[in-house]
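These notes concern the structure reproduced below.
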Amino acid sequence: MGRPAPRPLLLALLSLAVCRGRVVRVPAGTLVRVVGTELVIPCNVSDYDGPSEQNFDWSFSSSGSSFVELASTWEVGFPAQLYRERLQRGDILLRRTANDAVELHIKNVQPSDQGHYKCSTPSTDATVQGNYEDTVQVKVLADALVVGPSSRPPPGLSLREGEPFELRCIASTTSPLHTHLALRWELHRGPVHRSILALSHEGRFHPGPGYEQRYHSGDVRLDTVGSDAYRLSVARALSADQGSYRCVVSEWITEQGSWQEIQEKAVEVATVVIQPTALQLAVPRTVSVTEGKDLDLSCNITTDRVDDVRPEVTWYFKKTPDTSLLASHMLARLDRDSLVHSSPHVALSHVDTRSYHLLVRDVSKENSGYYLCLVALWAPGHNRSWHKVAEAMSAPSGVSVTWLEPEYQVYLNASKVPGFSDDPTELQCRVIDTKRLEAGVRLTVSWYYRMTRRNDDVVASELLAVMDGDWTLRYGERSKQRAQDGEFIFSKEHTDTFNFRIQRTTEEDRGNYYCVVSAWTRQRNNSWVKSKDVFSKPVNIFWASEDSVLVVKARQPKPFFAAGNTFEMTCKVSSKNIKSPRYSVLITAEKPVGDLSSPNETKYIISLDQDSVVKLENWTDASRVDGVVLEKVQEDEFRYRMYQTQVSDAGLYRCMVTAWSPIGGSLWREAATSLSNPIEIDFQTSGPTFNASVHSDTPSVTRGDLIKLFCIVTVEGAVLDPDDMAFDVSWFAVHSFGLDKAPVLLSSLDRKGVVTTGQRDWKSTVSLERVSVLEFLLQVHGSEDQDFGNYYCSVTPWVRSPTGSWQREAEIHSRPIFITVKMDVLNAFKYPLLIGVGLSTVIGLLSCLIGYCSSHWCCKKEVRETRRERRRLMSMEMD
């Protein structure tokens, strides 16, 4: 058996569910209102069924026994005839605040409205539960509140700023109930009104916005006088205090444990007019003072205030004549406590209470401008406070500072004039005939350059360098880099002498130069201000510009010689319009006209620079490293020798001479370059002529086969002994169908039998051998697809001369032969086919084995019944 449920708890829940129902509520307790005010009674309903919007009926009873219909939200004919006229006028109305709430408004409550008011709601519930009406009692009191000014009509007060004033308001009540009064002072200026100070019904003071500081300082106070007078006291009137003052009094009573305002009255007490304080300032219109003297400016004050006001005087300085303080500088200030705030050279004092003097000592030109006097009058307030009652700005006083500028002349001369390019130039700028050049004046210089034009076109000057008053030297764009490199030097020898030196004058430096000497005056803050500029007359830097001339003549002492002899050539140099020249020589060689081996090719052999340092250029004959000599015979003559000349040395030989001019120190400048006449080396011989050709029995091979290429040399003309001939053979290949790519070196064999093989990126290899005296065999082993292309050989013959020396002949080239490498289809597909057939056979056998195993072990069914038992089963079914 289970435990029985707790019966008391169930009964309590059931009772709560049964008791719950509609609840209509109006304010509890008694509502108290004053005759002539508005009565508002709220009513709401909760815990109801039916539509969300509920209707309300109001009834009134003066005694609480019988009620008269007053108003309804849903039935037009509900009100009694007694109240219909007031409903039509709007004195009585219902205002819905929510679907379940409504307010009854009765304007201008009368004593006859005192009684009981009942709020009821028609039923929309399924069952009648709860309360459908609620009643509240209203008491209407007579108007017992009396509010008024202390005098009628309201007075008009005319005050000056800073003067005190008082205003009084009479407020009292004879209400039979316990009520409190609250009072608030307001200031009205047109449509704007401000709360000044309020006394709440609980006896607390509340200053209005903007009056907090004045209230806490005691400047604005509120107190009572007697039993019914409230006094507003202002210790110091401000311009913002002008306007109409009203006294607002409200009466409060406690309802339902809280205070409720039951009526409010306001009365105009007084109109206050604040007269502005008259303040005028007078300063001198214009003042002229000599530089170095003292400036004295007066500011005279005129005002109608005779009470205890204190002036605050401030002097400002600015460069423009307007009266705004923008871009102005404060010079001195005398505060209301007579304390002066100024810089050391400025003083501010007052002769009497209405005249203030500004003294600026030792004025300079920077003190020229406009001076303004700003005066503010301060009146004492409550609790030792001060407030500003007037402020005025004077008209600007124009001050001009005259200066006796120094007098001097500037003279510019050229102490060094260049005769050639790269010569130095030196200019001297001197200051002469100085007058009134005091100790506080400093002289600086600026250098300018102007290009010389043959016509009358105006050319702008270019700044070279400028010196500031603090001796800082700044370079112009034209001279900045050269000055940093030390080519331009600016110096100051004496206080009146400035120098400008160009270490190496170029043709671009030709033109007019002039200097500008500036006078600078020291200011009080130790800064310097430019006061005067004096220009010198220009000095023209120019020299006759003639083109440099360099002539080189080459000659051959021995005009005819044979191969193996020594070749000698001398070069004579002459120059003009080149300063202190030194020469560098370069020997060049060109193939003679008609030589097709390397046409128009100039070869640099050996050189000698201006410091007589010899250098081999493109001399590549390793067997004759010491076979060429270049030496300096005289300052303008050079000799070139070539020992053991060969036939391949035939050509045109020249001397390329460059003249160098010193530019200072160990630096040189290239002045001119010239090429001598050619000296030809021509061997008058009837030697053999060599030709080269390429032959192959296998121009088309299958990949992997051997490629054989023969380079055959033929000799025409004179018959030579095989021991007197040797060859350098090189094989090249162009791996393309055309000759549009660069040739690749395959292998080379020099005349001494040394073989060199080029680097290859695939598996095939090459070999080169000499088959006979005039045949050379190139073999490509294990040919690949990349080995196709054009093949040719290059042959350099060497012939032994009668003197026993070997002479190098011109290099010859064979015509190319095209080699094709084909693919072997059978070999290419043999191994893939064998692999495919093998894999197919293995996969087929594996499939058969898997099928057999599956059918034997996995798919066989086990039969337990015998044939005889099956027959018996069939017999039973048939029976």
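Cβ from N, Cα, C; glycine included.
These come from Swiss-Prot:
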| type | residues | note |
| --- | --- | --- |
| SIGNAL | 1-21 | signal peptide |
| TOPO_DOM | 22-832 | topological domain 'Extracellular' |
| DOMAIN | 22-137 | domain 'Ig-like C2-type 1' |
| DOMAIN | 149-263 | domain 'Ig-like C2-type 2' |
| DOMAIN | 276-389 | domain 'Ig-like C2-type 3' |
| MOTIF | 424-427 | motif 'Endoplasmic reticulum retention signal' |
| DOMAIN | 544-662 | domain 'Ig-like C2-type 5' |
| DOMAIN | 688-813 | domain 'Ig-like C2-type 6' |
Exercise. Going along the chain, which residues at least six beyond the ends of the motif 'Endoplasmic reticulum retention signal' (424-427) come within the CB cut-off of under 8 Å?
Worked result: 412-418, 447, 499-505, 509, 513, 515, 539, 541
Exercise. For the domain 'Ig-like C2-type 1' (22-137), what does DSSP give as the number of helix, strand and coil residues?
Worked result: 12 helix, 52 strand, 52 coil
Problem set entry | Per-region confidence, the domain 'Ig-like C2-type 1' (22-137) (mean pLDDT, whole number) | 90
For this session: Report the DSSP secondary-structure composition of the domain 'Ig-like C2-type 6' (688-813) as helix, strand and coil residue counts.
Result: 6 helix, 69 strand, 51 coil
